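Take a look at the structure set out below.
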Amino acid sequence: MASLQEPWLLENGNLKGSSKEIRHGRTAHNMSSSSLRKKSDLTLVSKVRCGMLRHLLTNLQEVILGTKLTVLFPAIPLAIAAECYGFGRPWVFGLSLLGLTPLAERVSFLTEQIAYYTGPTVGGLLNATCGNATELIIAIFALWQHKIEVVKYSLLGSILSNLLLVLGTSLFCGGIANLGKEQKYDRRQADVNTLLLLLALLCHMLPLLFRISAASVSLTEVPTLQLSRVSSIIMLLAYITYIIFQLVTHRQLFEAQEESEEHGDDLSEETPVIGFWSGIVWLVGMTAVIALLSEFVVGTIEDASESWGLSVSFISIILLPIVGNAAEHAGAVIFAFKNKLDISLGVALGSATQISMFVVPLCVIVAWILGIEMDLNFNLLETGALALSIITTAFTLQDGTSHYLKGLALLLCYVVIGACFFLSKTPSSHGNAIDLGVKSAAGVIGA
């Protein structure tokens, strides 16, 4: 109720639309992250007489203390201090990674707060853009430093963790917690995301097959790059169509998951807790801090790899996605415990679709603009893991029902893939193993 009593929460004038309309602007990502939020007690703050100071304290309490991950915020100044005072580079990497965890959840919170004022459509577009802001910013910094393999590894790891780890844990925990109930979900939303994931897989496999089928790698290097850029443009157009499909033409498919929530929530979840311009300022500030920590992560990943005895591929594919998206992943599991699999599937499949159809092709286009040659060839091992993960997930979700064995199977797939990259010691500076094999074969033929 505080948001209705305090004038500073209506900085942008009246709210647009009814509470139901505003609620329908929320995505599965927002609802998942909301499970990690805690209600703020504004009793002491409301007694402050100075309006500006009361406004500032209210914002600090809602944004900084309004999450169960507040305990991780000290990692942010510690990471900055470790970088400034020359502490061990692995410490900078680890602290930066921990600091990104609450920031990713707070970005989701802030986009939801802004959506209350802009309406569901604009809010949905904002959520679609900022849903995986952490992965995108890390990828951009890695591109800027010409660490193309780190870009590919980190984005691949995000897709694999969403499809196998997050979805697998959700199905497993949901099945264990609801042994006496039949867990069902809406297949239509899962089918749409699976179709787009298969399209992304096609765009990843063709450059790889194109290079393997050639007698000489040098003859296919430029055509492979051109094919990747054309495929990236097509993927971005497909993603734009998907956004229109999700927010305009077939919004009901993605709103069905929220109907069961409408009668059980408090009014505090129906109204904003900070103002529009406050949300904008906080969002810009959080994004700047994410960019700073992302720069630390990218700059110290090789040092952490050498110090910890882990390959860059394992850190990028396994550790980065697990720690960076821990808040969103935990929220998906919590909703699975409550037998609300539509939200859990919306988080896992929606995030994987956004990364594969938006973030990956966008990185290819940005690299093109920067004069960096990045293609969609993720190497044979990585592309094979991606293909098997998507196919396994598609088979798992084909009947619209779930039980714990399905989740366990997905988790075991993730463990096997993680073990594979744990044992893989190929540094990021090395080229594609397939290229070496093709060159060797070509040399034998020429001899």
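Easy rule for this one: first residue shown is 1, then count along the chain.
Heads up, the Cβ atoms here are built off N, Cα and C, so glycines get one too.
TrEMBL annotations: computationally assigned, not manually curated.
Marked as region 'Disordered' by TrEMBL: 15-34.
Annotated domain 'Sodium/calcium exchanger membrane region' per TrEMBL: 91-247 (among others), in sequence order.
The transmembrane segment annotation in TrEMBL covers 155-180 (among others).
The transmembrane segment annotation in TrEMBL covers 192-210 (among others).
The feature transmembrane segment is assigned by TrEMBL to 230-248 (among others).
What TrEMBL records for 273-294 (among others) is transmembrane segment.
Residues annotated as domain 'Sodium/calcium exchanger membrane region' in TrEMBL: 279-417 (among others).
The transmembrane segment feature in TrEMBL is assigned to 314-337 (among others).
Residues 27-29, 128, 131-132, 135-136, 139-140, 143-144, 148, 151, 155, 158-159, 162-163, 166-167, 189-190, 193-194, 196-197, 199-201, 203, 228-229, 231-233, 235-236, 238-239, 242, 325, 328, 376, 393 of the same chain lie 6+ residues outside the transmembrane segment (349-370) yet bring a C-beta within less than 8 angstroms of a C-beta in it. Residues or ranges marked as transmembrane segment in TrEMBL: 349-370 (among others).
Tertiary neighbourhood of the transmembrane segment (376-397): same-chain residues 152-153, 156, 159-160, 163-164, 167, 171, 185, 187, 190, 194, 197-198, 201, 203-208, 211-212, 224, 227-228, 231-232, 317, 345, 349, 360-361, 364, 406, 409-410, 413, 417, 420, 424, 432-434, selected by CB-CB distance under 8 Å and a gap of 6+ residues from either end. Here TrEMBL flags 376-397 (among others) as transmembrane segment.
According to TrEMBL, the feature transmembrane segment maps to 404-424 (among others). With a threshold of 8 Å between CB atoms, the same-chain residues lying at least 6 positions outside the transmembrane segment (404-424) that come near it are 160-161, 163-165, 167-176, 179, 310-311, 313-314, 317-318, 381, 385, 388-389, 392-393, 396.
Under 8 Å from some Cβ of the transmembrane segment (314-337) lie the Cβ atoms of residues 29, 31-36, 67, 69, 97-98, 100-102, 104-105, 108, 134-135, 138, 150, 153-154, 156-158, 160-162, 165-167, 169-171, 173-174, 177, 297, 301, 304-305, 308, 343-344, 347-348, 351, 382, 418, 421-422, 424, 428, all in the same chain and six or more residues away from its ends. Per DSSP, the domain 'Sodium/calcium exchanger membrane region' (279-417) is made up of 115 helix, 2 strand, 22 coil.
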